[in-house]
Amino acid sequence: AHGARKMEGYGRFLALLASTLLVGFVSVILSFVWVFHYREGLSWDGSLGEFNWHPVLIITGFVFIQGIAIIVYRLPWTWKCSKLLMKFIHAGLNTIAMILAIVSMVAVFDFHNAKNIPNMYSLHSWIGLAAVIFYALQLFLGLAVFLLPFAPVHLRTALMPIHVYSGLTIFATVIATALMGITEKLIFALRNPAYSASPPEATLVNCLGLLLVIFGFLILWMASRPHWKRPPAENAKILRSIGATPEGTEVESTMANTSNADKSNLRSNTEAARKQNIEFDDAGQRSTM
């Protein structure tokens, strides 16, 4: 029965993941359709085509790639991979998203300066800049604390909930900021026919905004389900072979030592470990480096 339930949960996860990737991918495609079919395409010469890099790179990098980076630990087939490898993938995707976000901002400033449009006057630009700054901070702290092997276990354990919370709120803020930007652009750009006349471009871009909201909901849902969390038990084997047992992982060490115990026992131990939500994996990571 447990196996069937696990498979059903796995199937549900895969269906959700496929939907999320589809929605994200379609959003990226629609951003390209928007700038190539309705706007002036892409260029880097101070014209409107340069501005268009902004929506395209934000949706591709800051929304889609950041979203994938958030749920990368949740993919069940990666649970056999070392946690360190997954950290590198998580950090790498977030770094790519950061670079694309910065390039997209340079495009806007460059375009504004070329056309003598004032910078940083709109609410969109204020919140957008704040999101980029906090994202950079989050990335830097994440690298320093969780990826480099210097931070003590207690610091990692204390900072992990803050890291998770900040990541999710920054992601949500980026989507909110994208919606503001899209709306602003449509109001500015659609003159004849006006936005209020609902021309095809307005409908297309409104749908793009809807998809961004759905993408955000799906990512946040996947990221907040406790039963899809990477199981902490994976490192028990490695730790046992090194003979290291970080504090607060009694449940884990019992699991590691009861190789001949029946499986139901092990399962209840895993559940107990999950319920306590021990940041074992991160604590244990130091012993494996």
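Backbone N, Cα and C define each Cβ position, glycine as well.
Remember, TrEMBL labels are computer predictions, not curated facts.
Quick look at what TrEMBL annotates:
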{"type": "COMPBIAS", "residues": "251-271", "note": "compositional bias 'Polar residues'"}
{"type": "DOMAIN", "residues": "19-224", "note": "domain 'Cytochrome b561'"}
{"type": "REGION", "residues": "249-289", "note": "region 'Disordered'"}
{"type": "TRANSMEM", "residues": "12-36", "note": "transmembrane segment"}
{"type": "TRANSMEM", "residues": "56-76", "note": "transmembrane segment"}
{"type": "TRANSMEM", "residues": "88-109", "note": "transmembrane segment"}
{"type": "TRANSMEM", "residues": "129-150", "note": "transmembrane segment"}
{"type": "TRANSMEM", "residues": "162-182", "note": "transmembrane segment"}
{"type": "TRANSMEM", "residues": "202-223", "note": "transmembrane segment"}
Report, as numbers and ranges, every residue of the chain located at least six residues beyond the transmembrane segment (129-150) whose Cβ falls under 8 Å of a Cβ in that stretch; write 'none' if there are none.
-> 62, 87-88, 91, 94-95, 97-98, 101-102, 105, 120, 156, 159-160, 163, 166-167, 170, 173-174, 177, 282, 285-286, 289
Same-chain Cβ contacts of the transmembrane segment (88-109) under 8 Å, 6 or more residues past its ends?
-> 44, 50-51, 53-58, 60-62, 65-66, 68-69, 72-73, 119, 128-129, 132, 135-136, 139, 142-143, 147
Between 12-36, 162-182, 202-223, who has the most Cβ pairs under 8 Å to the transmembrane segment (56-76)?
-> 12-36
